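> Next up is a structure, given as structure tokens.
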Amino acid sequence: MTQQIKIAIAGVNGRMGKVLVEAVNANPNAVLVGALEHASSPVLGLDAGYAVGLDTGVKITADFQAALNQADVLIDFTRPEASLPLIEFCSQNQIKMVIGTTGYDDAGKAAIQAAAQKHAIVFAANYSVGVNLTFHILDTVARVLNEGYDIEIIEAHHRHKVDAPSGTALRMGEVIANALGRDLKECAVYGREGHTGARNPQTIGFATVRAGDVVGDHTALFATDGERVEITHKASSRMTFAAGAVRAAVWLQNHDTGLFDMQDVLGLKN
Ligand SMILES: NC(=O)C1=CN([C@@H]2O[C@H](COP(=O)(O)OP(=O)(O)OC[C@H]3O[C@@H](n4cnc5c(N)ncnc54)[C@H](OP(=O)(O)O)[C@@H]3O)[C@@H](O)[C@H]2O)C=CC1
Ligand SMILES: O=C(O)C1=N[C@H](C(=O)O)C[C@H](O)C1
């Protein structure tokens, strides 16, 4: 039988943090042992389940050592500036991580890569099963529609989201660019305005919508003369991400070092 994995959550008072507390509680293979927030958070000292009607027995703290001294895995859904010191701490203390935070620059991604050599990390822009299946499908679609199709990625999220395009949209772009032998850094076009000229067929375009309470919609569009293929995923609950992140934490029990993503967890790599 699998041993219960001991989980701490960073950003526990955030939109994802609160749902993660419920997801850990719902997973028989996981138990909550730590809950982190920043030092000026108004919820320090409260029970980690206060917002979702759960009595977890775990108090929210800003002290890394106190939150993580029992933890096997830290699940982080915060912001890059919050997670980078945590990645360093986990690296020094051999604590595995599931990272859901998006919006890292290249230096942040390099820090994750380096830390994963010391303790296993799952790092994914999206922990839903459906989105990861979409990544898998997009590789095939891009290889088949590799000539004469204009490729655009359209995403919509709630009004509070601070990074754009979403991590998921960027990952979709990477999957498609890799399948086509292109470098996303060179072919991405982020938004258009004014006299743009005609579309360059080599580009992959991104369009971002921020409005209301949209949990997360993503479409990859392949359009040519006479037809369009649209691959769309719509999330309607954050529980799809949270349950996936806890599943990834449980999966990490069998991995000591290395950088993985949710496709590894789901066995979706070719
Ligand atoms: N990979 C995936 O499947 C998914 C990824 N995400 C990503 O997860 C991240 C969090 O999203 P969401 O929960 O909506 O965001 P929220 O802003 O609701 O939550 C972030 C939490 O982190 C805390 N925080 C912010 N800055 C700091 C800091 N400097 N130090 C310590 N704590 C800090 C916030 O505290 P306070 O509110 O007090 O500032 C808050 O509790 C985003 O990057 C988002 O893109 C989201 C959903 C799914
Ligand atoms: O901020 C969010 O909410 C989400 N962020 C992730 C992203 O940037 O792709 C995943 C999901 O779409 C929700």
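Placed from the backbone N, Cα and C atoms, the Cβ positions cover glycine too.
Just so you know, TrEMBL annotations are computer predictions that nobody has curated.
The domain 'Dihydrodipicolinate reductase N-terminal' annotation in TrEMBL covers 5-127. Annotated NAD(+) binding site per TrEMBL: Gly11, Val12, Asn13, Gly14, Arg15, Met16, Glu37, Gly100, Thr101, Thr102, Ala124, Ala125, Asn126, Tyr127, in sequence order. The domain 'Dihydrodipicolinate reductase C-terminal' annotation in TrEMBL covers 130-266. Residues or ranges marked as active site, proton donor/acceptor in TrEMBL: His157. The (S)-2,3,4,5-tetrahydrodipicolinate binding site annotation in TrEMBL covers His158, Gly167, Thr168. The annotation active site, proton donor is assigned in TrEMBL to Lys161.
Each of these features: where is it, how hidden is it, and who are its neighbours?
Shown in sequence order, His160, Arg238 are the residues of the chain, 6+ apart in sequence, with a C-beta less than 8 angstroms from the C-beta of Arg15 (NAD(+) binding site).
DSSP assigns His157 (active site, proton donor/acceptor) to a strand.
Other Cβ atoms within 10 Å of the Cβ of Thr168 ((S)-2,3,4,5-tetrahydrodipicolinate binding site) number 25 in total over all chains.
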> Since the record lists Asn13, Thr101, Asn126 as binding-site residues, which of them has the fewest other Cβ atoms within 10 Å of its Cβ?
Asn13
> By CA distance, which of the recorded positions (His157, Lys161, Gly167) lies nearest to Ala124 (NAD(+) binding site)?
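Smallest Cα separation from Ala124 (NAD(+) binding site) among His157, Lys161, Gly167: Gly167.
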> Averaged across the domain 'Dihydrodipicolinate reductase C-terminal' (130-266), what pLDDT does the model get? Just tell me the whole number, please.
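Here the mean pLDDT over the domain 'Dihydrodipicolinate reductase C-terminal' (130-266) amounts to 98.
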> Can you tell which of Gly11, Gly167 has the most other C-beta atoms within 10 Å, given these are the binding-site residues?
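Answer returned by the neighbour count: Gly11.
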> Quick test of your reading of the structure: among the binding-site residues Gly11, Glu37, Thr101, Ala124, Asn126, Gly167, whose CB sits under 6 A from ligand 2?
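Once distances to ligand 2 are taken from each Cβ, Asn126, Gly167 fall under 6 Å.
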